[in-house]
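Written out below as structure tokens is the structure these notes cover.
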Amino acid sequence: MLQSLAGSSCVRLVEQHRSAWCFALLVLGYLLYLVFGAVVFSSVELPYEDLLRQELGKLKQRFLEEHACLSEQQLEQFLMRVLEASNYGVSVLSNASGNWNWDFTSSLFFASTLNPCLLCFVAGYGHTVPLSDGGKAFCIIYSVIGIPFTLLFLTAVVQRIIVYVTRRPVLYFHIRWGFSKQIVAIIHAIVLGFITVSCFFLIPAAIFSVLEDDWNFLESFYFCFISLSTIGLGDYVPGEGYNQKFRELYKIGITCYLLLGLIAMLVVLETFCELHELKKFRKLFYVKKDKEEDQVHIMEHDQLSFSSISDQAASMKDDQKANEPFVTSQSPTSNDSSLNN
């Protein structure tokens, strides 16, 4: 008896908070999906990276042995300069000297990459790329599943946050103080945008300029903007210094910052998109339907509504008849005889 009562109470509790439980399962599933991808990529790509490091170490040692007049410090300075130029697409190889990065076609491609969809992460960031065929194949499969999963996760999170951050505060000031809802929404959007810029652009830029030795404030702010706008050019990657302390913890913190910053950006964009003025402005670019099509849609909608209402009314009458107590009907002759008596 107690077990059945406990089971029914648990079921009732789950049904009352079904949306919250589904959201918690979604967050847990997304985190487990990220952990699964990290484990697979690490197990597949780490051996190839180790072999490449050993090969480069042997080549460097052999080059120094064959060129005794060159010191290891001079060679490393030369290689650092070559790698720095390579990050900007400039190569010292003779067969690559004819490839320009800023001709018209390359500039056109660069301009097109500056306008990605703001709801997707940019695949590929920095110098971390799969080396093996298995890693590349898994990267494709993982991205095919991960991109819609990320969109679902971000949509669910933003939909819940915007209720408490945007809609309820605007409605509270509108009802409690009697201000115009449009004016309150505009002021709220501006204040929310200022807070987001301060917390996710200005303050992190100042922190990055201190933690990264080669970055000034402009470069740090540039990294924050390029990353949170999902452009992700990869020319600035934090945590890649040779003397970086607590590198693993630093990388995890940057990952959390990018995820939270992207959610904040989406909340701000959704807040601005809900403004009445922007809705009217967007309608200027929408395709207007013909009046005949609108009338057809309205008539179809009315017919569906009328039929559904009539069906509901019929079903309600049937239920009412079924619930009425059974009473035997008297014949008219019996009624007349009773009246005569």
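Just so it is clear, glycine is given a Cβ too, placed from its N, Cα and C backbone atoms.
TrEMBL annotations:
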- 326-341: compositional bias 'Polar residues' (COMPBIAS)
- 95-161: domain 'Potassium channel' (DOMAIN)
- 197-273: domain 'Potassium channel' (DOMAIN)
- Asn95: N-linked glycosylation site (CARBOHYD)
- 311-341: region 'Disordered' (REGION)
- 21-44: transmembrane segment (TRANSMEM)
- 140-162: transmembrane segment (TRANSMEM)
- 183-208: transmembrane segment (TRANSMEM)
- 220-237: transmembrane segment (TRANSMEM)
- 249-269: transmembrane segment (TRANSMEM)
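Only pairs six or more apart in sequence are counted, and the transmembrane segment (140-162) with the transmembrane segment (249-269) gives three or more Cβ pairs under 8 Å, enough to call it a contact. Put simply, of 21-44, 183-208, 249-269, the stretch with the most CB pairs closer than 8 A to the transmembrane segment (220-237) is 183-208. DSSP places the residues of the domain 'Potassium channel' (197-273) in helix, strand and coil in these numbers: 54 helix, 0 strand, 23 coil. Among residues of the same chain six or more beyond the transmembrane segment (183-208), those with a C-beta under 8 A of the stretch's C-beta atoms are 165-166, 169-170, 173-174, 215, 217, 220-221, 223-225, 228, 238, 257, 260-261, 264-265, 267-268, 271-272, 274-277. With a cut-off of 8 Å between Cβ atoms, the residues of this chain six or more beyond the transmembrane segment (21-44) that come close are 14, 130, 132, 134-135, 138-139, 142, 145-146, 149-150, 152-153, 156-157, 160. Note on the domain 'Potassium channel' (197-273): mean pLDDT across this stretch is 87.
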